[in-house]
């Protein structure tokens, strides 16, 4: 959803069977022998970033907890140490701080009719809450495509009205399908995280949408 006027979650615990004294002693002895022989330690598996679990929505929908493998950090300039990648192939926003993944959140991009342009955006301003109104770009509020919607935790990406913002009404679609008017829809919890932590002037890279190319500053 855009506003053309107004302007951001295991290690599986493996159960141990109780062993008899003889079996336990055998295991200890085998382990000690391996250590003396110089056996190499087991290499830990590559860590993954857990998908955060969000709050229930009024319709009863909840975000599901799921493990998501992060994409490589985009090679973009950042003066703040923060970088975000919004990838339509995975429908996830991955957030880095000083080269480390600190958050991954499901999102919903713009529909094919209102696609989110690809490119590198820099956050411009933040609105704790606001109204998004289609009439600001020529679409009457009372028309089939019109809307006037109250949103919270809105972080502006472009002067043309693209934001990362809380959209509790689309939690079921976030990470699954694209339903917005161009904005990056996230849950209220994730919108608050982004709003509270992702500084103004930090890059957000949008990839793999059906939209065109974003012109910086627009």
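Using the three backbone atoms N, Cα and C, a Cβ is placed for every residue, glycine included.
Automated prediction, rather than curation, is the source of TrEMBL annotations.
Features as listed in TrEMBL:
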type: REGION; residues: 37-76; note: region 'Disordered'
type: COMPBIAS; residues: 37-46; note: compositional bias 'Low complexity'
type: DOMAIN; residues: 82-207; note: domain 'L,D-TPase catalytic'
type: ACT_SITE; residues: 165; note: active site, proton donor/acceptor
type: ACT_SITE; residues: 183; note: active site, nucleophile
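As a whole-number mean, the pLDDT of the domain 'L,D-TPase catalytic' (82-207) in this prediction is 97. When DSSP labels each residue, the domain 'L,D-TPase catalytic' (82-207) comes out as 17 helix, 56 strand, 53 coil, counted as helix, strand and coil in that order. Here the CA atom of residue 165 (active site, proton donor/acceptor) lies 7 Å from the CA atom of the residue listed as 'active site, nucleophile'.
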